[in-house]
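According to TrEMBL, the features are:
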| type | residues | note |
| --- | --- | --- |
| DOMAIN | A:8-147 | domain 'Sodium/calcium exchanger membrane region' |
| DOMAIN | A:171-310 | domain 'Sodium/calcium exchanger membrane region' |
| TRANSMEM | A:6-25 | transmembrane segment |
| TRANSMEM | A:37-60 | transmembrane segment |
| TRANSMEM | A:80-99 | transmembrane segment |
| TRANSMEM | A:111-127 | transmembrane segment |
| TRANSMEM | A:133-150 | transmembrane segment |
| TRANSMEM | A:171-190 | transmembrane segment |
| TRANSMEM | A:196-223 | transmembrane segment |
| TRANSMEM | A:244-263 | transmembrane segment |
| TRANSMEM | A:269-289 | transmembrane segment |
| TRANSMEM | A:296-314 | transmembrane segment |
Amino acid sequence: MATVIEITILGAALYILIRAGGALVRTMTAMARFLRISEYALSFILMALATSLPELFIGISSAARNAPLLSLGNIIGSNVLNVTLVLGAGVIAAGSLTIGKDAVRGEMGKMFALTFVPAILLFDGELSRGDGALLLLLFVAYLVHLFYSNRVSPPVDGSAGEFGIGEFMRSFLFFFVNIFLVIGSSWFIVYEAERLAAGFGVPLFFIGLFVISFGTTLPELVFNIRSSMSGYGEMSLGNSLGSVIFNISGILGIVAIIQPVHVDDPLRAVSGLVITSILIFLIQLVLLLKGDISRGYGIGLIAISLLFLGIEAFL
Amino acid sequence: MKIFSHRFIFLFKKFLGLSIIILGFIAMLIPFVPGILLVFAGLYLFQKRDAFLS
């Protein structure tokens, strides 16, 4: 009987998650039209910030409890999953992901540099308060640059005029309601899945690795699939890349300022950060050369994510 | 004079691409970070649109 109730709660939470994910895509397009910035930039800034809240809370609480290494592990893990599993699922759902070559050409070098800086800073085995401040400064500077370089002209037919301040505020409110629903239902799914798996005798280590890491990337995953299926592939890319940049420079910067990070095995941490940098660079290179990422790359990205999880579990 | 047919080149690219993808995944298992480069290079070759298809 208890199992039936748990499965019902799981199903209801999954339904809310999918519906709220779809509503988020609609509110984001309305807000982007009012602010006159591209959907890519808005999802990069706002959606990435919102879906990285769990990582931010883990980061602040682990730094406050004198265990910043926990946050570093969480950031490295969720970054690799963001650019492999989450992006790959979006690509497969949409069939292909297309974004303007000019947009990629302009951002490629800056983004590679931004993702590579933490790896260089961590090479000596320590991320000091000064390093953290530098990361945070770079993060804010990049967001400001992205906001102003992605301004779009209003449509000639004046259709943007119908999005007044009232419409924008309504969308903004809906955005927060839906973010709350997405994160809340994801938490319920992880909680119920954990109970169910424990009930069936699945070892705790595997629950932690697969259910928790999958659960914390669930909001991004659902948003990417829904936005890709609605024809807003650039939102999906903006969300994935934005989450990585927010994790790697914003959250890591905040954590290092609260509590400097000391790593015993810097090579392992640096290689995790380098993997993310290389993946982002390669994805952008494919977009630049081909103009789109096809389903084959999506399958390849998901295979890389499974391999990464396997290596982390068994090596 | 054409030595190889379009079909042969098309299939050869697919085979080469797939081999490089598999090699890349094996390299990643070591774990060797540049294995990712091989996986992407293989995918690029495997996914490349060919005149034979159009």
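Backbone N, Cα and C define each Cβ position, glycine as well.
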- [ ] Using a Cβ distance cut-off of under 8 Å, indicate which of A:37-60, A:80-99, A:171-190, A:244-263, A:296-314 has the most pairs with the transmembrane segment (A:269-289).
- [x] A:80-99
Open item on the list: Looking only at the recorded stretches A:37-60, A:111-127, A:244-263, which one has the largest tally of CB-CB distances under 8 Å to the transmembrane segment (A:133-150)?
Closed with: A:244-263
Open item on the list: Checking distant contacts: for the transmembrane segment (A:80-99), what same-chain residues at least six beyond its ends satisfy Cβ-Cβ under 8 A?
Closed with: 40, 213, 217, 220-221, 224-225, 227-229, 231, 233-234, 236-237, 239-241, 243-244, 247, 272, 275-276, 279-280, 283, 287, 291-295, 297-302, 304-305, 308
Task: Intrachain neighbours beyond the transmembrane segment (A:244-263), with Cβ under 8 angstroms and 6 or more residues off its ends - done: 44, 48-49, 52, 55-56, 59-60, 62-64, 66, 68-69, 71-72, 75, 78-79, 82-83, 111, 114-115, 117-118, 122, 125-129, 131-139, 142, 269, 273, 276, 280
- [ ] With DSSP as the reference, give the number of residues of the domain 'Sodium/calcium exchanger membrane region' (A:171-310) in helix, strand and coil.
- [x] 121 helix, 5 strand, 14 coil
- [ ] Count the residues of the domain 'Sodium/calcium exchanger membrane region' (A:8-147) that DSSP assigns to helix (H, G, I), to strand (E, B) and to coil, and report the three numbers in that order.
- [x] 123 helix, 6 strand, 11 coil
